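Colleague: In case it's useful when we look at the structure, here is the feature table from TrEMBL:
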- 1-199: domain 'Calcineurin-like phosphoesterase' (DOMAIN)
- Asp8, His10, Asp41, His197: Mn(2+) 1 binding site (BINDING)
- Asp41, Asn79, His114, His195: Mn(2+) 2 binding site (BINDING)
- Asn79, Arg80, Asp122, Ser160, Lys167, His195: substrate binding site (BINDING)
Amino acid sequence: MSTYIIADLHLSEDEPAITAGFINFIHQQAIHADSLYILGDFFNYWIGDDDQTELHQQVADSLKMLSERGIPCYFIHGNRDFLLGQRYAKQCGMTILPQETLLELYGKRILILHGDTLCIDDQAYQDYRKKVHTPWIQRIFLMLPLFIRRRIAEKMRKNSQYASSMKAESIMDVNPQAVINALNHHQADWMIHGHTHRPAIHEVTVGDKQCFRGVLGAWHHEGSAFVIDKQGIDLIFFPFQPE
Ligand code: OKV
Ligand code: MN
């Protein structure tokens, strides 16, 4: 009996090996789990649930199979797939959770989140985030025809690649005080997030309490997950194709 947590697969048509790795992960690992949590940037981009593609259908089918077998699947938005909505979530049989969610598993209080909200030193990103999370801006974007949304999104991704190449590494990491504040606010023992692509388990002192921050790896050349069971919390890596 175990809970699996993944993030940052960045699924796209351009990276079929990652999609194959995800499908293998579902059939070989998640199928034996109690539940699956996906902490955002599951897709590399998302411009509306009406953008139906082969990839989206294939991924929805494999997640739906899990929930139909009694393995609930939960999703937290990332900075790339924040527009993923109820319609697609329903197709996957998954439940969308608030951007910060406290789990109580095997006696531990575990805060799960994507991680971009902890990167408060990147002011340009936080300004951008505030805009694209504004409900009326999202509503107008979603009313545009798909081909216009595609063109806008492509342009935004190109600009962003350039902008992030100009930023210092430290700016794109989490702010240590933001981590402490979040752990303290939820009185959590653990925090698990993705986003930074720096997989690790860090110790964090909150007041006089020892807490932990688990960071998931991005799925570039291998899979990464946290596995939580009564024994503890493990960060694992695995190949896309089983040996
Ligand atoms: C996702 C990121 C592109 C970072 C646009 C309103 C607006 C939503 C959108 C368009 C882009 C998501 C939805 C994408 C993440 C980028 C570039 C940088 C740093 C609007 C609401 F403003 F046009 F009205 N978008 N897409 N970036 O291509 O998936 O996270 S995206
Ligand atoms: Mn991210």
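If you go along the chain as it appears here, the first residue is 1 and each next one adds 1.
Glycine is no exception: its Cβ is also placed from the backbone N, Cα and C atoms.
In TrEMBL, annotation is done automatically, which means it is predicted and not curated.
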Colleague: Determine the minimum-neighbour residue: among Arg80, His114, Lys167, His195, His197, listed as binding-site residues, which Cβ has the fewest other Cβ atoms within 10 angstroms?
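Modeller: Candidates: the binding-site residues Arg80, His114, Lys167, His195, His197. Fewest Cβ atoms within 10 Å: Lys167.
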Colleague: Going by Cα-Cα distance, which of the binding-site residues (Asp41, Ser160, Lys167) sits nearest to His114 (Mn(2+) 2 binding site)?
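Modeller: It is Asp41, whose Cα lies nearest.
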Colleague: Between the two most separated Cα atoms in Asn79, Arg80, Asp122, Ser160, Lys167, His195, the residues recorded as binding substrate, what distance in Å do you get?
Modeller: 18
Colleague: Which residues of the same chain, at least 6 positions away in sequence, have a Cβ lying under 8 Å from the Cβ of His10 (Mn(2+) 1 binding site)?
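Modeller: Non-local contacts for His10 (Mn(2+) 1 binding site): Ile18, Asp41, Phe43, Asn44, Arg80, Ala218, Trp219.
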Colleague: 10 Å Cβ neighbour count around Asp41 (Mn(2+) 1 binding site)?
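Modeller: Its Cβ has 29 other Cβ atoms within 10 Å.
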Colleague: Looking at the binding-site residues Asp8, Asp122, Ser160, Lys167, which ones sit with their CA no more than 10 Å from the CA of His195 (Mn(2+) 2 binding site)?
Modeller: Asp8
Colleague: Enumerate the residues of the same chain, Asp8, His10, Asp41, His197 excluded, that satisfy the criterion Cβ within 8 A of the mean position of the Cβ atoms of the recorded Mn(2+) 1 site; list them in sequence order.
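Modeller: Close Cβ neighbours, site residues excluded: Ala7, Leu9, Gly78, Arg80, Gly194, His195, Ala218, Trp219.
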Colleague: Which has the fewest other Cβ atoms within 10 Å: Asn79, Ser160, the binding-site residues listed?
Modeller: Ser160
Colleague: Please average pLDDT over the domain 'Calcineurin-like phosphoesterase' (1-199) for the predicted structure.
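Modeller: That region's mean pLDDT is 96.
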